[in-house]
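**Student:** Encoded as structure tokens, here's the structure I'll be asking about.
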Amino acid sequence: MALLKPFLSRTFSSFFATITGGRNLIDSIEELITTNYWLIFVMIIVCTCSAPSNGAFFLNDPYGYPFVSLQDDSIESVSATTITTTTIISTIITTTTATQRIFQEKAKTFGQSAEEIQKVKYYLEKIQKFEAKQHPEEIRQQHTTKNSEAIKDDLQIAVEVAKFEKRQKDSITLNPEENGQYYEGDIVLDAQQAHEIYESMIQHGRRTKRKFIRSELRRWDSHKPIIYSFDGSHTIREQRVIELALEHWHNITCLNFERRDDEIQENRIVFTDVDGCASNVGRHPLGEPQFVSLAPECIRLGVIAHEVAHALGFWHEQSRPDRDNYVTVRWENIDRDSKGQFLKELPTDVDNGDVPYDYGSIMHYRSKAFGRYEDLFTLNTNIMDYQKTIGQRDQLSFNDIRLMNVIYCSDSCAQKLPCQRGGYTDPRRCGRCRCPDGFTGKLCERIMPGFGADCGGRIELTSSWKRITSPNYPRDFKEGQECSWLLVAPPGQRVQLRFYGEFEMYCKVRHSLCMDYIEIRNSTDFANTGMRYCCYGTPKSSIMSATEDMLVLFRSFYRGGKGFQAQVRALPTTVFNIRTVRSMDEFNANLNKHAVADS
């Protein structure tokens, strides 16, 4: 072992120097093979022995299409049997062309002139100063994790700053688009958009934008392929991951994408690596390229899907005019220069397609976005148990997809099917319904079978307790397993669920975000993302359904663990205790009741 130590030390030093020394993947691999062939040999043996035989990193698509999991951020190759290759017209060009060099030059300023950049900067500074005056509260340590304490003096502030800087890398890795220098972190405004937001803010105290851009000039023509190009700044592997995200958008909407790297005419999306994760919003109204910047830390399918959504016309979820009914902005905890990132839209200028507010949207900020310190909550969900739902970047939510289809694909199918459980006619396959997670079948009439485990199903309840658990409980479940239960009470009764025993589901404790989770949908609309439970403490309160049904989803995307067990039963409405209810319908009913009383 003593003889091996110097050799291993030199080998690993050479290995990391090669990897970190440049962006050219092919050259790096060639150098590694020629100079570190013993290490490569050992790595091949180890990887061959340890690779899962069932392809565990390929997850089940809840929407019925084969695609690589949005959780997997390290895809090197894709099986032809797993990914359809005909959905996107793509011609890969491995050398930088003259056209790509033109795109690279334009991408440095996102296609804007120096005058336009100065105008945007001017209005953003105005917005920042206005919001700082509107919310001058000093920092207070409220609604933080249990280990957080109030900041008492300069010494403790210094400690917090040190901790914050130490955690920056982890924060950027989690939701890198929130750490950008642009509007709301990752939105590159043009001069007209910046002016409109500022004027609206001065007049109304909020911005005039919406979850989806209203202007027809900025919408893409859904009857033609959306042209996209690469400017040559991404590796072949990075290009393929980006195309997988486009392929996912293709599969779940009526939109088609076509790659053309060899011309500069026509509106198009150009993928570049110029500055973090960032995008313009919607199509350029004058036919110029619409740039999407994806740095190496952004090459994750969930983050790419988020940025492509901006390019197609999406703004952020928590900026909707009805957001105060669902989240509370902790202005006192927001970084002083970032308060303009939490502006709200006008209710008279909204295009949300009648799609309700979605805690699980891939466009939603996480709980601690733009905090002055990382332990400070900047967004609190008004129903506490949704706190770990917001901010996910794993996959597009059902309502994200539904809104995109409402905007672009409403005329794709001649007939609308009588879909159940909140589903709607699939614009890509008009003979079937697109179903919420947990349901399947032509009309969403069946509960989705377990994936990777024999679990889930429909359970008819009585007044006696029944038990449901994660696979293999009390032993560990495995990564990639999924279970869906539909709990059904007799007519006129409700479903009660309570957790007990050991509970362990992987989460980002510091960021208050579930990675693996048990999700409970207990409202009247199963299309809405439910409350997600995770981390390492057993939830205490009982959960009641708003109707006779409750949907329970177990999803293990990242790693195995102990899991959960829960008791379920039916209860008459006369036994119903309002304090145990956690339901969007009950919450909205209370909001309406208070609104009537106040008026």
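Cβ coordinates come from backbone N, Cα and C, glycine included.
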**Student:** Would you mind checking which of C254, C277, C535 shares a disulfide with C409 in Swiss-Prot?
**Tutor:** C254
**Student:** For N251 (N-linked glycosylation site), what is the tally of other C-beta atoms lying within 10 angstroms of its C-beta?
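**Tutor:** Other Cβ atoms within 10 Å of N251 (N-linked glycosylation site): 21.
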**Student:** Which residues does C455 (disulfide bond) neighbour through Cβ under 8 Å, counting only same-chain ones at least six apart?
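**Tutor:** Set apart from C455 (disulfide bond) by at least 6 residues yet with Cβ under 8 Å, we have S470, P471, Q481, C483, F554.
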**Student:** When you put C277 (disulfide bond) at the centre and draw a 10 Å sphere around its Cα, which of the recorded positions C254, E307, C409, C433, N522 have their Cα inside it?
**Tutor:** E307
